Amino acid sequence: FKGGDTCEYLLSSGRFLGEKVWQPHSCMMHKYKNSEAKNCLIDKHVVFIGDSRIRQLFYSFIKLINPQVKEEGNKHGNIPFEDKSASIKVDFLWYPEVNGSMRQRIKSWTESSAAKPHIIVAGAATWSIKIHNGSNEALAQYKINITSIAPLLEKLAKTSDVYWVLQDPVYEDMLSESRKMITNEKIDAYNEAAVHILNSSSRNSKAKVKVFSVSKLIAQETIMKSTDGLHLPESSRDTNAMILMNVYCNKIMKPIDGSCCQPQPPLTLIQKLAFCFFTLSIIGYLIISLIHRNNYRKSKTCTDLESGEEKKPAISTPDVSTLKMLLHSFCKLGLIMTYFYLCDRANLFMKENKFYTHSSFFIPIVYILVLGVFYTENTKETKVLNREQTDEWKGWMQLVILIYHMSGASTFLPVYMHIRVLVAAYLFQTGYGHFSYFWIKGDFGVYRVCQVLFRLNFLVVVLCIVMDRPYQFYYFVPLVTVWFMIIYATLAIWPQIVQKKANGNCLWHFGLLLKLVCLLTCIYFLSYSQGAFEKIFSFWPLSKCFELNGNVYEWWFRWKLDRYVVFHGMLFAFIYLALQKRQMISEGKGDPLFSNRVSNVLLFISIVSFLAYSIWASSCKNKTECNELHPSVSVLQILAFILIRNIPGYVRSVYSSFFAWFGKISLELFICQYHIWLAADTKGILVLIPGYPMFNVLVSTFIFVCVAHEISQITNDLAQIVVPKDNSTLLKRLLCVAGFFSGLHLFSAMQDQSRH
């Protein structure tokens, strides 16, 4: 509402999330690690000049560079710090009053031909109040002194970053007798004088002293925890130092989750071409619509006055209607992608950091579960994992994952481990669904492969272009795409074993099991041979798809985390379809899957297994160790859920239409959340309506779900046009796609070269 200067917001406003997490107004603050701080400040000279409060800030700042630093040395003297490995110098200069001495020091920097400090942090006032017993004469002298210093600071601000730290409030009840004259009323008067005088001569200039007033807001919430009523507690000082680091370093380091003080990234060549393409699509659609409307009016059914016969309207040719549908789809997609760009690339909407609380995760979970149970309907068929049931499964899992991402629940390990099972369950369905299709249909044609690949990847490819992100960034789509190709290759290579062939000779079942064993062996080998895995995916053009930040480690980690679950899905599908073929299970409406005794035993084992996994996941202490066990044990909870959901006949014959609706657009929901529900590439939360968190979530969620549903329809429409059933036409389209990606690669290489 007030403009887009996030630096000013960072320095002047914000609030606490909980007790320790500071949230700047409208933007996200990055938590800098020691290595990042060093990289930002390499070859830099930083100076802190002022009193004991500035000394505290100095120590918190250098601890971001070297956490081992101890607060030692002369408290009322200068303190030097140097990190020789990165050539960083940080000095504290003891000038407790704004007087002639401080002015002389600042003046020496303006007159010296030597290099000036890159960052200057200054501030003082409490000593003036204390020494002069809070007299009005001291305040008048402070105004005179700061008036003489202000032009010098403004001159330095042309070449350096200069910050004036306003005085924090005190906790008057805890002040010692010698400090009782330091009152909040006096501090406010000194701060008002500083703000009024600083930058008075350069209000319309870019070079000005930055007023660091946010410390006052932080102190108002935390000064009660002070040990002496004057100095801030350590956590508050650390927050101030982190804010200072964000103000200076974000524009240099450009962290994804540090939107404060980051300029809007310039449009890339590919983004400009995409903008032109969508603009032409909109213009083309409008032209065709106008022509179609005019033709319709001219040829509208009317009665011939002479003959009394009706004239039939001209029917549009298939080519025209196909072109119109194509342009209509791209027109809608262009408008949607504009919204994506405005939400997460332009500095138009606000972004905030996530903050996890148990209530922010579990209350929405309970709410959607109640809604899901409320919308219960009968299924069209009562088979195990029928279409309605799998849509329902995907739907409630996707909603839980969305709440998990929005609430920042990844910081709570038990929730993280259960969400890992949900992601594994998606991949289990990938193995189950694609294996069942190829096994039953025996359709290994190119059309089927192209249809699946298009539906999986269309949105992600568009987002890679519009949002300037690598393919691997949307890790789940590469994951399901690669696993689909692995399933296809496993079943399509000679000998092609399908259900129809296996029914004629049972030995073919053993042949298929041998294929699955070979697949499992390959998975096991690659999971324990990182070098071999990275070599495979480091070859061009695979490297262009699977590299992230210059290497394929992230891709290896993601693949390894759920390496067995797709195999488990394929094996489950094989066993289930074999039992179904031999009529060893009962799938009638209301009938239990097995005999009562077997059903009860399996239900008991499933419930125990389900609870046992939850207890184990809840007792996890170390994410790395639990991730190592997860690929082997996640299938237990997945199978337990399937049996609990399908063994009782009544449970198998009903489903939640609420969850199933979301399940049909689950892929679009998963991908769209990156940019139009969350923000900063999932690191933060998009804020469309500031100051009203619940209302903001309602509005952004409504838009997000509508957009995901619309994109799903667009993808389905385009799939019918782009992937035709005729093989010769399909081959031509594939050549066009190859040309498109070759051009994309060429432009990408040009972009990379211009960046370097």
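Placement of Cβ uses the backbone N, Cα and C atoms for every residue, glycine included.
Features of the protein shown, as given by TrEMBL:
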DOMAIN    22-92  domain 'NXPE C-terminal'
DOMAIN    253-734  domain 'Cas1p 10 TM acyl transferase'
TRANSMEM  269-291  transmembrane segment
TRANSMEM  355-375  transmembrane segment
TRANSMEM  396-417  transmembrane segment
TRANSMEM  452-468  transmembrane segment
TRANSMEM  474-494  transmembrane segment
TRANSMEM  506-526  transmembrane segment
TRANSMEM  561-579  transmembrane segment
TRANSMEM  600-617  transmembrane segment
TRANSMEM  629-647  transmembrane segment
TRANSMEM  659-679  transmembrane segment
TRANSMEM  685-709  transmembrane segment
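Counting only same-chain residues 6+ beyond the ends of the transmembrane segment (355-375), those with a CB under 8 A from a CB of the stretch are 17-18, 21, 23, 392, 395-396, 399-400, 403-404, 407-409, 411-412, 415, 656-659. With DSSP states grouped into helix (H, G, I), strand (E, B) and coil, the domain 'NXPE C-terminal' (22-92) comes out at 22 helix, 19 strand, 30 coil. Counting Cβ pairs closer than 8 Å to the transmembrane segment (600-617), the top stretch among 269-291, 452-468, 474-494, 629-647, 659-679 is 629-647.
Listed by sequence, the residues of this chain that lie at least six past the ends of the transmembrane segment (629-647) yet keep a Cβ under 8 A from its Cβ atoms are 384-385, 389, 393, 417, 420-421, 424-425, 428, 527, 560-565, 568, 572, 592-594, 599, 602-603, 605-607, 609-610, 612-614, 616. The predicted model assigns the domain 'NXPE C-terminal' (22-92) a mean pLDDT of 94.
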